[in-house]
Amino acid sequence: MVLKVEHELHHRRRGRNLGLGLVLVGFVAIVFGLTVVKVLGLGDIRVIEGADHVASPTQEIIAAERAAAEAAGAGEDGE
Amino acid sequence: MSDASLTDDMTREAGFGDFVSLLKPRVMSLVVFTALVGLIVAPGDVHPFIGFVAILCIAIGGGASGALNMWWDADIDARMRRTRGRAVPAGRIAPGEALGLGVGLSGFSVLMLGLATNWMAAAWLAFTIFFYAVVYTIWLKRSTPQNIVIGGLAGAFPPLVGWVAATGSMSLEAWLMVALTFMWTPPHFWALALFVKSDYGDAGVPMLTETHGRPATRRHILLYTLALIPVALGLGFTSVGGPVYLAGALVLNALFLRGAIRVWRRDDAAAEADRYAAERGLFKLSLWYLFLHFGLLLVEATPLAGALQWS
């Protein structure tokens with residue numbers, strides 16, 4: 001009897017492994033796509049950064065802008 | 001190991017397609033279509049990719065409940081000719097594997113839908129899976145001839161899940177879409193039950209044709225059709241409807257009512273004479289009926305029909 005190395009069973013198993021592999025790749029693609037879409041849809045990033053109450057560069061810029069605007073406003077009131 | 005046992009093991013091993021078949025792809029197509037319509041006709045913009053993921057999750061959730069159904073019903077499936085070749089009764093997939101796939105995909109689809117859209121949509125998807133797998137399959141299918149009616153509710157939820165995924169809230173329109181599929185299911189299935197020689201009786205599943213007789217089934221078809229019509233037409237007066245939908249719905253409902261009356265007015269002797277032509281006709285019409293109603297809702301959602309919208 002000649003031993004066959006490749007049997008139909010192996011093809012079926014390979015098909016199953018390939019199928020599962022494609023499902024996993026698809027899942028990675030979906031999570032990646034969702035991440036991109038959600039992050040791009042966040043709007044003004046400064047709002048998110050402010051959520052943890054920790055000073056951050058963009059928060060400092062906002063604070064500086066606000067202070068400048070208030071100073072300008074006070075200047076206008078004084079005239 | 002002898003050659004014989006080796007061959008036996010090998011013919012039993014499942015391929016990838018067997019696992020896909022557990023998800024009932026044909027049922028999935030109805031779920032995908034109605035959920036997609038629910039998502040598209042809902043007010044507000046959904047990012048196309050998020051919409052795609054939402055529909056995918058709803059489809060996988062529907063498939064998961066199909067796998068749970070095949071796990072629980074393997075004993076029934078083994079006794080009926082139509083279902084004997086399914087992967088679990090045929091022995092290609094172990095019942096535990098079907099259960100694992102069903103539970104795993106249920107959790108996965110609900111979680112992903114919640115992350116992609118909102119948690120109310122995820123909760124409705126979870127409820128739909130629970131309703132089909134537990135309330136219908138486990139509790140009611142084997143105990144009441146109204147099983148088709150109740151099971152139809154599970155099949156009716158996808159447009160609501162699609163709507164909630166898009167808007168984050170429910171509405172009259174979404175519930176009317178649920179009611180449309182819900183009321184449509186009994187006449188659709190009972191028309192099929194009249195002309196298909198089933199062996200549900202052998203499998204111990206109570207079907208209306210066998211518990212209450214065929215004349216009662218014909219009467220039930222007409223009664224449910226009469227209840228279906230106001231739902232189908234009522235949807236035309238909501239924000240998702242419009243003149244195009246209403247015109248189409250009027251024609252479809254008139255045809256459906258005519259078909260139901262024809263089925264109601266005859267007995268089995270007359271049906272045998274023309275090989276169940278009226279019953280077959282009503283079943284075929286019922287497929288078009290649902291497809292076209294949801295199709296007309298899609299048409300109403302296009303900018304072209306928007307010009308004709310109720311003001």
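Cβ atoms are placed via backbone N, Cα and C, with glycine included.
It should be emphasised that the depicted structure is a prediction, and the values quoted were computed from it without experimental measurement.
Per TrEMBL, the feature transmembrane segment maps to B:27-43 (among others).
Sequence annotations record features per position, and here TrEMBL assigns transmembrane segment to B:49-72 (among others).
Taken from TrEMBL, the feature transmembrane segment covers B:93-115 (among others).
Positions annotated as transmembrane segment by TrEMBL: B:121-140 (among others).
Using a Cβ-Cβ cut-off under 8 Å and counting only residues 6 or more beyond its ends in the same chain, the transmembrane segment (B:147-168) has close neighbours at 27, 30-32, 34-44, 46, 51, 54-55, 58, 62, 65, 113, 116-118, 120-121, 124-125, 127-128, 131-132, 135-136, 140-141, 174-175, 177-182, 184-186, 189-190, 205-208, 294. If you look up TrEMBL, you'll see B:147-168 (among others) marked as transmembrane segment.
Look at TrEMBL and you will find B:174-196 (among others) tagged as transmembrane segment.
Taken from TrEMBL, the feature transmembrane segment applies to B:221-238 (among others).
For the transmembrane segment (B:244-264), the list of distant contacts is 187, 191, 194, 218-219, 221-222, 225-226, 228-229, 232-233, 235-237, 278-279, 281-282, 285-286, 288-289, 292-293, 296-297, 299-300, 305, 308: same-chain residues at least six beyond its ends, Cβ to Cβ under 8 Å. What TrEMBL lists as transmembrane segment is B:244-264 (among others).
Positions annotated as transmembrane segment by TrEMBL: B:285-308 (among others).
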Legend entry - Maximum Cβ pairs under 8 Å to the transmembrane segment (B:121-140) - stretch from the list B:27-43, B:93-115, B:221-238, B:285-308: B:93-115
Legend entry - Folded-back contacts onto the transmembrane segment (B:221-238), same chain, C-beta under 8 angstroms, at least six residues removed: 172-173, 176-177, 179-180, 183-184, 186-187, 190-191, 245-246, 249-250, 252-253, 256-257, 260-261, 263-264, 282, 293, 297, 310
Legend entry - Tertiary contacts of the transmembrane segment (B:27-43) (same chain, 6+ residues out, Cβ under 8 Å): 51, 54-55, 58-59, 62-63, 66, 155, 158-163, 165-167, 173-174, 177, 181, 239-240, 290-291, 294-295, 297-298, 300-301
